[in-house]
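Okay, structure first, notes after.
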Amino acid sequence: MPVITLPDGSHRSFAEPVTVHDVAADIGAGLAKAALAGKVNGKLVDTSHLIENDTELAIVTERDEDGVDIIRHSTAHLMAMAVQELFPGAQVTIGPVIENGFYYDFKYERPFTNEDMARIEKRMEELAKQDLPVSRSIMSRDEAIKLFNEMGEEYKVRIIEDIPGEEDLSFYRQGDFIDLCRGPHVPSTGKLKAFKLTKVAGAYWRGDTSNEQLQRIYGTAWGNKKDLKAYLHRLEEAEKRDHRKIGKKLGLFHMQEEAPGMVFWHPDGWSLYQEVEQYMRAQQHKHGYKEIKTPQVVSRTLWEKSGHWDKFKDDMFTTESEKHDYAIKPMNCPCHVQVFNQGLKSYKDLPLRLAEFGSCHRNEASGALHGLMRVRGFTQDDAHIFCEEDAIQEEVSAFIAMLHEIYADFGFSEILYKLSTRPEKRVGSDEVWDKSEAALEQALNREGVDWELLPGEGAFYGPKIEFSLKDCLGRVWQCGTIQVDFSMPGRLGAQYVADNSERKTPVMLHRAVLGSFERFIGILIEEYEGAFPTWLAPTQVAVLNITDKQRDYCQNLAKKLDSSGYRVNADLRNEKIGFKIREHTLNKVPYLVVVGDKEIENNAVAVRTRKGEDLGTMSVDDFEKLLAADVERKGRTKTEI
């Protein structure tokens, strides 16, 4: 007689084995109707799962994160079923759940079109309305191979052949469609009411470019139409804010096939980049970092000593000279240890904070490249802190405080914190790990922030904290990190003389705030839709004359503002003032200063913002004060200008 313990601690007893659905129905008809799956002793199962022993059970519905994932997985199967009904001969491969949706890869004789996508989605809606039961069955590996061979599903056969022979396999069927899957799935297709196909793209079998090309159809699915509508709205907003489109429109940068994954910065984009770099340089100087510069091309022997050659060789750009192998550095850390190693250090020299705007290159797969967000050539705001074990907490706390200040200046206030702790395979003693993990935890608690613990997710050489930004669309971008490293300093011979005159190996803290400049600038472009805070704007002020009579005044005003350190464009073209205002507004220049005869008479300017707000006429000195206050404020108030 199974006794079911529910999440609220209550118990329900049954005289005989029951399914998850039976339990939901016993609780209430509404819950039975809403049930998508169950969680039995922490494991997700179908609603048809039979419970024979005492069990802890949670009923999973569309309100649960697990429930939404199950809806997405089931919708992927629904899409595959629709594709095979509409396009006989289409072979299915894999169809996983991804963030906010799902995809399925197909092999078909021709590319799917937008018209095909509309037909597929319509057929999915029809199949969902049929409320087809979804059932689970078990087969042996040999039975499954025989079945899918008979069905002509070559790719499924290949997948099954890679599974150990003694393992029984689970399959899910709805109507005439059957697919290999661990599950669980919704009990019937009628549970799938809110989905949308979003795009079709190319893909390669097993993600290998040397294999045959497939077609990948992406979709999104949600528990209800309200959530779907909200997500599609966010997608539209993200499309409007796409940094690649805005970058092209504003003339910030471009990329081309002759240099895949590398950025061609244009003058305005480089101005933005330089402003970010100079700001970071000043912040690091203020917080006690010493800036260095290390080589970009380094011998294979150093990468072998550091351990990177064995682990990351395939991701490095390599070359050969005079019978020696070299690699363009994919990261800066081994080079920073070389700087530390020049001259014996004392405990009095620690902590030593070495920072570099390090130019790195990684041979990312071409299919993974995405504008500024995923590149092959990038610059990191990289720094390494060499310190004693007892200084870890203090250094981490100081870093977090600096990171908060920097993110606030860029306009980000919502930060997510994740602490990753020791994995099974690791270097260093448990005592050292205990001490380091406690130091990171105490540093987070000292800041009074909420943080998430990720047990076992640390690197083999030390625990870490990751810092992620949440943008205006609710998207999360992992940017900052601080990582304790017990391994590399020892591997590369770093030592210092301790206060007892013994030689010891320092702890090294890897840290970054922005991550890569390229990616962070991409995030800024999308966050502000190109309308950057005044301190970052490539052009901060456009000075516009109405007629040629104001030319000299405008030129002198522009020179005055330029000499005060502002980025100014004096637009003296023989164009109508309305045309010039519109053009600079579209270019998202924060302040438009208009000069006519009246302004000259009063040594004044008429000021407008890019949002169309008329700030009226004011003296040049007052405008400079307004401009200075706005620049000083940075991104700490997101009041748009």
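Every residue gets a Cβ built from N, Cα and C, even glycine.
Here the structure is a predicted model, which means the values were calculated and not measured.
Taking DSSP states H, G and I as helix and E and B as strand, the domain 'TGS' (1-61) has 14 helix, 23 strand, 24 coil. Positions annotated as domain 'TGS' by Swiss-Prot, on the basis of sequence analysis: 1-61.
The region 'Catalytic' annotation in Swiss-Prot covers 242-533 and rests on sequence analysis.
In this view, HIS510 (Zn(2+) binding site) is surrounded by 22 other Cβ atoms within 10 Å of its Cβ, with every protein chain counted. Feature annotation from Swiss-Prot assigns Zn(2+) binding site to CYS333, HIS384, HIS510; the stated evidence is sequence analysis.
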Candidate with sparsest Cβ neighbourhood (10 Å radius) among CYS333, HIS384, the listed binding-site residues: CYS333
Cβ within 8 Å of the mean position of the Cβ atoms of CYS333, HIS384, HIS510: remaining residues of the chain near Zn(2+): MET331, ASN332, HIS336, VAL337, ASP382, ALA383, GLN483, ASP485, MET488, MET508, LEU509, ARG511
